[in-house]
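The following features are taken from TrEMBL:
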| type | residues | note |
| --- | --- | --- |
| SIGNAL | 1-25 | signal peptide |
| ACT_SITE | Ser167 | active site, nucleophile |
| ACT_SITE | Asp191 | active site, charge relay system |
| BINDING | Asp210 | Ca(2+) binding site |
| ACT_SITE | His276 | active site, charge relay system |
| DOMAIN | 349-472 | domain 'PLAT' |
Amino acid sequence: MSSGEFLTLFLWIHWLLTCCSGALATTEPSKTSPTTLKKTDFNSIESKFSLRTLEEPDDDTCYLVPGQEHTVDQCNFNHTSKTFVVIHGWTVTGMFESWVPKLVDALYKREPDSNVIVVDWLTRAQQHYPVSAEYTQLVGQDVASFIDWMDDTIQYPIDNIHILGYSLGAHAAGVAGSLTNKKVNRITGLDPAGPTFEYAENAIILSPDDAEFVDVLHTYTRGSPDRSIGIQKPVGHIDIYPNGGSFQPGCNLGEALRLIAEKGFGDVDQLVKCSHERSIHLFIDSLLYEEKPSMAYRCNSKEAFEKGLCLSCRKNRCNTLGYKVNKVRGKRSTKMYLKTRAQMPFKVFHYQVKVHFFAKKNLTVTDQPFLVSLYGTQGESVNMPITIPEISTNKTYSYLIYTELDIGDLLMLKIKWEKDSYFSWSDWFTAYLFNIQKIRVKSGEFQKKLVFCSKEGNFASLQRGKEPVVFVKCNEHAKKKQE
Ligand SMILES: *[C@@H]1O[C@H](CO)[C@@H](O)[C@H](O)[C@H]1NC(C)=O
Ligand SMILES: *[C@@H]1O[C@H](CO)[C@@H](O)[C@H](O)[C@H]1NC(C)=O
Ligand SMILES: *[C@@H]1O[C@H](CO)[C@@H](O)[C@H](O)[C@H]1NC(C)=O
């Protein structure tokens, strides 16, 4: 069992223990359409709307109360600037999780004049999971009533509202968006919850018609549909699956154990949600590191992306992850992919490497370890380990590699074929050798294509366990030859 599977299992045991004893009878989502329940006895609103401040991002110092107009001025709500509405998810402790003030703080740092409102539905969010999941409809109604009230009484333009919902909060945001008199500007779904929602009707989950623009980050979709923590299917105009969406780097068991050793078991809950919560930190990253925007690329499948086949930016095929997303609305949801680092800043630089292998003798090898080094005008990224699934004589392959550093314009490329860790008799009889004439490299971030030629001659011979082969830009290579 891999560490990721372990964590998923762990989380499910955790959920079963805390959530479902005796409550399973109520798991079916209500069949009542939320519209029929709507409005507008303000007394029935249970959710609270806290206007947070940059000075005290983790304190509820002032609530906007629907029906009580004076609270708007009391809280120093800025009528002319935009408003963020943050909706949290399910909670074991009944308290705000530590990401809430972090997100509030990042929103204010990026948009100092904005209003950041945190929706407090903690009481309903603290129930057995299926109960809380159903409450998202009521929370959505509360938020919609609140927004319509802002529109009706102080003529606050709904077009200035951006709702951010995490986990169950993403579906609450969707319900809210579907009920408001006019459409809100944007809803960002941060790893919308999966269980009980994967197959639910659009009215009770986040969907593209809930706002002018809906963007979604999927970060913890490992497992079978409806069992995975995050919803697997696309639910917005743009659905981004960082690192394939199933699991995030830095969230493995080793990391978890290290954190437990450091911080004790108190934070286990936080650890288990590492990949789930990564969606929020990716968004925070996009707010704080304006100069390091992560790029995502449209692709039909995770597998094609892993081969580096989807690094094009033509016709909106690439987009910026997070706050500065380019609001492209297609007829259908657009699935996009990218790799990230394990911590902030998350940005990496993607490259497609295309290689034709040739040799006199036929040879096919699988799962071979290679070390790739890239050298550029601004830096280098050396000995990046990659495992190549298959190489066969006289075939062309495409791979995705990525660097954490911006190395500038690529100048040189080095490849080393490592020996398998175990000793094999076949090494004595087989010549593990492939020749390479050219390597084509395409960069996603810079949208540049380059061709590299062997530094030594017409072609380079890549041999298992031997010296690395070196490639330089072809034209320079030609120039040198002339000198
Ligand atoms: C309200 O926001 C606007 C920008 O949208 C800004 O110019 C103004 O100073 C803000 N007002 C207050 C009282 O902060
Ligand atoms: C691969 O292609 C080259 C050139 O087309 C040819 O000379 C060589 O014999 C081929 N190798 C095999 C194993 O067929
Ligand atoms: C290599 O394999 C290909 C296809 O499997 C075959 O057509 C070719 O003749 C082989 N070449 C040699 C040199 O064995």
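Heads up, the Cβ atoms here are built off N, Cα and C, so glycines get one too.
Within 10 Å of the C-beta of His276 (active site, charge relay system) we count 24 further C-beta atoms, all protein chains included.
Counting only the Cα atoms, the space from Asp210 (Ca(2+) binding site) to Asp191 (active site, charge relay system) is about 16 angstrom. Around the residue listed as 'active site, nucleophile', the C-beta neighbours below 8 angstroms that are at least 6 residues distant in the chain are His88, Gly89, Trp90, Leu190, Asp191, Pro192, Ala193, Ile229, Gly230, His276.
Secondary structure counts, DSSP: the domain 'PLAT' (349-472) has 4 helix, 79 strand, 41 coil. Around Asp191 (active site, charge relay system), taking its Cβ as the centre, 30 other Cβ atoms fall within 10 Å, counting all chains. Mean pLDDT of the predicted structure over the domain 'PLAT' (349-472): 92.
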